[in-house]
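Colleague: Please find one structure pasted underneath; my questions will follow.
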Amino acid sequence: MPKKKEDSQKTLSEKEAKGLIAKLSDEIRHHQYLYYVKNDPKISDFDFDQLFRRLQDLEEEFPQFKDLASPTLVVGSDLDKDFEKFQHKLPVLSLINTYNDNELLEWVNKTDPEGLYSVEWKIDGASIVLYYENGILKNGVTRGSGGIGDDVTDNIRTIRNIPLRLPKPITVYLRGEVFMTFKDFEEFNALSSGKYANPRNLSAGSIKQKNSSDTAKRPLRIFTYDATFPNMEKKFKTHQEIFSKLEKLTFPVPPNTAFVSGSKIAKTIQEFKKQKDSLGFPTDGLVIKLNDISKRDALGYTSHSPRWARAYKFDAIMKESKIVDITYAVGRTGKITPRAEIEPISLAGTTVTFATLHNQDYIDELGVGIGAIVRVAKRGEIIPAVEEVVTPGKEVFKIPDRCPSCNTQTIKKESLVDLFCPNPDCPDRVKNGIIFYCQRKQMDIEGLGDKQIEFLYDHDYIKSIADLYDLKDQKEKLMEEEGFGEKSVNIILKGIEQSKQKDFRFLLPSLGLSELGHKVTELLIEHGIDSIDEILSIAKDQKKIESLLEIPGIGPSTIQAFQENFSDKRILKLIERLKKAGLKMKADPIQVADQQPFAGQSWCVTGSFENFQPRDKAMDLIVYYGGRKVSAVSSKTTHLLAGPGAGSKLEKANELGVSVYDEKQFLDLLKSLKIDFKNLI
């Protein structure tokens, strides 16, 4: 149990206190530099806050040693010498963090116990300030020191959900957070050989690219969460009014923001925690703000933060364990990733027995070895990772120089720290390539999970993606295998057959070719390169290949990969076999947005469904045909698709007069629109 402040500090002499304040100040500045400038934090938010609070307590106890450059008086800085500096028009402050309900409720009771508060997601991304003048985006600026930031306007303009022109010619300054969804991060990181640790680091690095065309290739998004309207005569009375105004101006805001009384904050926090794992974007907590603007003004600010808001950080998901072994996995690209087998720990609600070690450089930097006591965290809430060594093992682990799957000599690719297996026939590479092809977000072949694919490969049923389409010829033999009864085999074969109807825009990125993911595929299709014949024709003509550079979002690395992919005899043979199997080699035409059946409609989906598992499949279908996805029912929602377990969303939809469809009615609607949903989901 931690000591109370008076127990831990009053025993210090003035000389000791002065020295400790100086030491803590230097340590905090160092970690602020690593976090804000290098995007490479070495300690958790929780540990940083403990250092910060310790310094605050000491300065309160020994005010004679607090100087004007104390970290407690200034905001951490992300200033970079490579960008023009911009003087913020208002101070850009940070928030005081709280880590438990009691601490937060103590603040609420002291601030305004009966007042109304907003509870909104704290996005784990890169902080940005947007400056609009007369409705035009003039500047996008990092938080910087809080007074001066880096002008990254050209990079910010590439973010697709940031409006460059507003519906009205007004002047407004906005705070926002640039982020990347988990799905987009995984796809981008896969194309980048997994070199990025988490979405936050990638987002922060992306807005600091020297060339905005590089930023444009990255699937960045933004949520805005506060605004100042300097020239508006009518002042807003509440934060809720500001949020409403932001939405009317087409700014994206954090979903499901709640406005509740102080007495309901604890219950609301628990409700938010239940939603956290299904959000799809990184969050490290909640932000609680007093709703009444006049009360905010009365409370005011410290030099570091507003007195009317707090950040509620979720439990620090980092625990200690012992490394019992270190193994390494070979991915579909050949990248060899070491991972630590650890004594089981519970982390973020799951039992963790493995944690990634990324690469040899990472192992060397931390000094990781078998037998070490380490701290493990969920990095970006995706993959558990070893974060630091508490007690070293016997010796630092070295990855062998031969592939663990096929014994081929490993290589290092230019500018990458990872080791790769160069053998395209490496069993683990092939298996993981087939697993990738069958995943839901790729060709979505039902019944074929990792274990089934590994079995089929190891027992010589399949040795490539194309072999899947010959599996029907071995149906009788397969049904005799343990775990493969007639029912499960029929499901697998049906899934394989249905995949033949998947649009070419899914097929091409599912092949796992370097630099040819969903985003690049869509860019090609948008510019008329919508078939394999067109792609192969371009690949044979150097001038046509170079002309691809004219497409925004396609750069030299994509061009190089394009040439390499479509001159590779193995890939050409695979494409030819898939052609013969009957897969679609030309993209289906997409209707003009305002001609699509769900154009102009806002749909919310809730409950469970027989034909749409998971229910995201129903939403994907609606969006594919022009509808807009919303996560909560409001007066702007036009339709609700409700299955069993719909709960409060159904009640609210009925109250607001929103059109409600159950699954049967929705299927009838699809039928009337002549939408064959089974070939699309």
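Every residue gets a Cβ built from N, Cα and C, even glycine.
According to Swiss-Prot, the active site, N6-AMP-lysine intermediate annotation covers K122, on the basis of sequence analysis. Taken from Swiss-Prot, the feature NAD(+) binding site applies to D45, F46, D47, F48, D49, S94, L95, E120, R143, E177, K289, K313. What Swiss-Prot records for C403, C406, C421, C426 is Zn(2+) binding site, and it gives sequence analysis as the kind of evidence. Positions annotated as domain 'BRCT' by Swiss-Prot, on the basis of sequence analysis: 593-681.
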Colleague: From the Cα of K122 (active site, N6-AMP-lysine intermediate) across to the Cα of K289 (NAD(+) binding site), what is the distance in angstrom?
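Modeller: Cα-Cα, rounded: 12 Å.
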Colleague: For C421 (Zn(2+) binding site), write down the residues of its own chain that are at least 6 apart in sequence and whose Cβ falls under 8 Å from its Cβ; none is a fine answer.
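Modeller: Counting only residues 6 or more apart in sequence, the Cβ neighbours of C421 (Zn(2+) binding site) under 8 Å are V330, G334, I336, C403, S405, C406, T408, T410, D428, R429.
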Colleague: Within a 10 Å radius around the Cβ, which one of these recorded positions has the most neighbouring Cβ atoms: K122, R143, K289?
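Modeller: Most Cβ neighbours within 10 Å: R143.
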Colleague: Looking only at C-alpha atoms, tell me how far C426 (Zn(2+) binding site) is from the residue listed as 'active site, N6-AMP-lysine intermediate', rounded to the nearest Å.
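Modeller: Approximately 43 Å lies between the Cα of C426 (Zn(2+) binding site) and that of the residue listed as 'active site, N6-AMP-lysine intermediate'.
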Colleague: Have a look around C426 (Zn(2+) binding site) and count the other CB atoms within 10 A of its CB, chains all included.
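Modeller: I count 21 other Cβ atoms within 10 Å of it.
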Colleague: Once C403, C406, C421, C426 are set aside, which residues in the chain still have Cβ within 8 Å of the Cβ centroid of the Zn(2+) site?
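Modeller: Counting only non-site residues, the set is V330, G334, P404, S405, N407, T408, T410, P422, N423, P427, D428, R429.
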Colleague: By the count of other Cβ atoms within 10 Å, pick out the sparsest of the binding-site residues L95, C403, C406.
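Modeller: Checked L95, C403, C406; of these binding-site residues, fewest Cβ neighbours within 10 Å: C406.
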Colleague: Suppose we draw a 10 Å sphere around the Cβ of D49 (NAD(+) binding site). How many other Cβ atoms does it contain, all chains included?
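Modeller: Here the count is 18.
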Colleague: How big is the gap, in Å, between the Cα of D47 (NAD(+) binding site) and that of K122 (active site, N6-AMP-lysine intermediate), rounded to a whole number?
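Modeller: Cα-Cα, rounded: 18 Å.
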Colleague: Can you tell me whether DSSP puts R143 (NAD(+) binding site) in helix, strand or coil?
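Modeller: The residue in question, R143 (NAD(+) binding site), is coil (DSSP, three-state).
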